[in-house]
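Below you'll find the structure, written out as structure tokens, and then a few comments.
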Amino acid sequence: MKTYDLIVIGTGPGGYPAAIRGAQLGLKVLAVEAAEVGGVCLNVGCIPTKALLHAAETVHHLKGAEGFGLKAKPELDLKKLGAWRDGVVKKLTGGVAGLLKGNKVELLRGFARFKGPREIEVNGETYGAQSFIIATGSEPMPLKGFPFGEDVWDSTRALRVEEGIPKRLLVIGGGAVGLELGQIYHRLGSEVTLIEYMPEILPAGDRETAALLRKALEKEGLKVRTGTKAVGYEKKQDGLHVLLEAAQGGSQEEIVVDKILVAVGRRPRTEGLGLEKAGVKVDERGFIQVNARMETSAPGVYAIGDVARPPLLAHKAMKEGLVAAENAAGKNALFDFQVPSVVYTGPEWAGVGLTEEEARKAGYNVKVGKFPFSASGRALTLGGAEGLIKVVGDAETDLLLGVFVVGPQAGELIAEATLALEMGATVSDLGLTIHPHPTLSEGLMEAAEALHKQAIHILNR
């Protein structure tokens, strides 16, 4: 039996950084991968989706460029688009494999299953280690009455735009995945209807900024319906007849589409891992139970990323992987749960920390500052004046509690807010920081000043 200091099961955005960090700290590391290096995010998630979003955004901007004197009628070659998307993925997966090799991490292809607390089996061979990190990720959640297939897509199938753009598309799910893919297909020519069971899209996010995103999407032409569920569908000659119903029951309506995209969430991928043989416990939803050190119920076994707990985000998985690897090497690392979220629509949405509602429930005396992008010179020059930046703070201590953005490049802007929260900054700290002009980042400074009714470029009310 070959033995190692650390075995990492899965090489996604949590697994490969964990393996590299373990090797950096002097551990003998084996990384086991059942599919493709880079995991869901790199191969069939974050990266290919963002590539398609960029292409769709370019098409959208060209169609609207006449306003500043550019007349263009873009013609899209879907096969070339698919090849470009795959090229981006291939370059990055090759880079990850090179990083593993360069850090002397041994890579083994195959499916790993636990044989006991300190042993796994891969391809019929047994491997042992002092520590294990489970980083097996997640898979699309199915929806009753909508089995995945030719007519009902999951998020992975939806990436294959080169196979054709449906004339009419129903997207079930108003979270990040549904919104991003829905807008991609809308901008590439589909008539898109998006439904969400909850009263608003992005139900876990800030309500005000989520409502502004919905308004922007509807203005662009997407049909967004909340408080709605899909009951079932029937395939007929003229398309897929889908029965929709109010979320709380009652009124029903039938719509006809050509394809259905189910994006109602993801579930942890643990089937066949033999967790019970290792003594690893899962919760009622199937997520592996972990503490702040990423330790499971089994000594020496860690779990990270989507398989461990929400939110299911690549950057969260990466940080958790580093924490787990450092603890496997004898350090005392803890996971700080200041995790930003981004939706890469146009306009983008991003948030970190507590929403207004969450802060009030937590007992804070909440104050809010807002700065609209319509007052931002840089936003206007980019043609993206929709949306705002919202700062949530505690009136008594001035402690920064949360920041939410809907507007251009929100995903880039939220990084500064995340750093501020991680450092325990006050709202005044953001306002006192000199920001370059003209930039979108000035809006964060102005929103912080607006909380104290001292913003310069809007009237303080």
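Yeah, the Cβs are placed from backbone N, Cα and C, and that goes for glycine too.
For the NAD(+) site, Swiss-Prot gives Gly173, Gly174, Gly175, Ala176, Val177, Ala263, Val264, Gly265, Arg266; the one candidate out of Glu191, Glu196, Glu245, Glu284 that the record lists there too is Glu196. Gly175 (NAD(+) binding site) carries neither a helix nor a strand DSSP state and counts as coil. The binding-site residues listed here are Gly39, Gly173, Gly175, Gly265; among them, Gly39 has the most other Cβ atoms within 10 Å of its own Cβ. Around Val177 (NAD(+) binding site), the C-beta neighbours below 8 angstroms that are at least 6 residues distant in the chain are Thr49, Ser155, Ala263.
Rounded to a whole value, the Cα-Cα separation of Gly175 (NAD(+) binding site) and Cys46 (disulfide bond) is 14 Å. Taking CA atoms as the reference points, Ala314 (FAD binding site) and Gly173 (NAD(+) binding site) are 20 Å apart.
Of all the recorded positions listed (Ala35, Val37, Cys46, Ala314), Ala35 has the fewest other CB atoms within 10 A of its CB. Closest to Gly39 (FAD binding site) in space, going by CA atoms and restricting to the recorded positions Cys46, Gly173, Gly265, is Cys46.
Comparing the Cα of His437 (active site, proton acceptor) with the Cα of every entry in Glu33, Ala35, Val37, Cys41, Ala112, these being the binding-site residues, the smallest distance points to Cys41.
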